[in-house]
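Colleague: So that we are looking at the same thing, I have put the structure below in structure tokens.
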Amino acid sequence: MQIFTVVAVVVAVCSVHAKVYFREEFLDGGKSRWVDSKHKSDYGEFKLTAGSFYGDAAKDKGLQTSQDARFYATSARFEPFSNEGKSVVFQFTVKHEQKIDCGGGYIKVFPADLDQADMHGESSYYLMFGPDICGYSTKKVHVIFNYKGKNHLIKKEIKCKDDELTHLYTLILNPDQTYEVKIDNEKVESGSLEEDWDFLPPKKIKDPEAKKPEDWDDRAKIDDPEDTKPEDWDKAENIPDPDGEWKPKQKTTPTTKEPGCIQRSTTQSTARRKPALKNVHVKSGTIFDNFAITDDAKEAEEIGNETWGVTKDPELKMKQEQDDVKRKEEEERNKAQESEDADADADADEEEEEEEEEEEDTKDDVEEELSESDEAAKQKDEL
């Protein structure tokens, strides 16, 4: 495999035993090694930023989706390598600081012959790994392999993180055909590639040509024809007929050998590498950073501790401080609104009182006029 949607061409030896095939932290302040797909003109644009909160403004810079309701695709190359006889580890961080409601946070590893400028959703890949969130029902980690032209999804459900903080995702593939998935340097799932994916056909299958023998008996038990009734069976002593009517012993029905079973051989798969990012986001703001591909799980863990591990606590502190400020501002707005509503209610009450007084004055004036009119009419009658 050789291209995964957010990765670059870096080959470095970190120790005598561990080899790092690719590492990208955007510390140079640019993303010149990355190639955005031009497959469609309306693909979203990645920008380089640490986001609205972070642990370190420089170290936490990453590729952020910047436009809502868009597809995103960018990739970076690195030297091809083989993991035959050794482990391979894929690792990166994701931060959904926008309170994501629907969007992917995964990477893909593509063949070396990928046309990066034309990368799209149907481009064939070797591996897809990372979180995927959509509504309340989908919050999981994808681990998908393409084997013999078919995409194979993991049969286990791995829950992903769905908060707004940065999280570290790690996939370890071992030469003994086992794997391990870690989130924030903690194991969340592990097992066998053969058991947790349907790479190979079942070892045993039913023979479509097999037919039930004509003398096959479907009864589980039948009377033993060699069994005989004891001579004293009908001799009652104190209890009449204690065992009821005599019946011969039962034995398992003779059957033929189970038909239609064949043995399938298993084979070990080899892997090739090369990486990229292909996601769709309804609400933009996700940041990808701290990419690493190595042949040593311990090395990946140390890289995670040097990057995500150093900035996660300061990031959380900044987020909490921002939340406190927002909460206080919201409280002030609510108080101001309540005060405004109270003033409006008071003004409305005052206006209502004034209207009632005016109505009362008008009523008094009318009554006074009527009284004067009646008095005048009375005086006229007297004259």
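Here the Cβ of each residue, glycine as well, is placed from N, Cα and C on the backbone.
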Colleague: Check TrEMBL and name the cysteine among Cys14, Cys102 that pairs with Cys134 in a disulfide.
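Modeller: Of the listed candidates, TrEMBL names Cys102 as the partner.
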Colleague: Which residues of the same chain, at least 6 past either end of the compositional bias 'Basic and acidic residues' (312-338), have a Cβ under 8 Å from a Cβ in it?
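Modeller: Non-local partners: 52-56, 60, 164-166, 184.
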Colleague: What are the sequence-distant neighbours of Cys134 (disulfide bond), meaning same chain, six or more residues apart, C-beta distance under 8 angstroms?
Modeller: Asp101, Cys102, Gly103
Colleague: Measure from the Cβ of Cys102 (disulfide bond) and count the other Cβ atoms within 10 Å, all protein chains considered.
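Modeller: By my count, 14.
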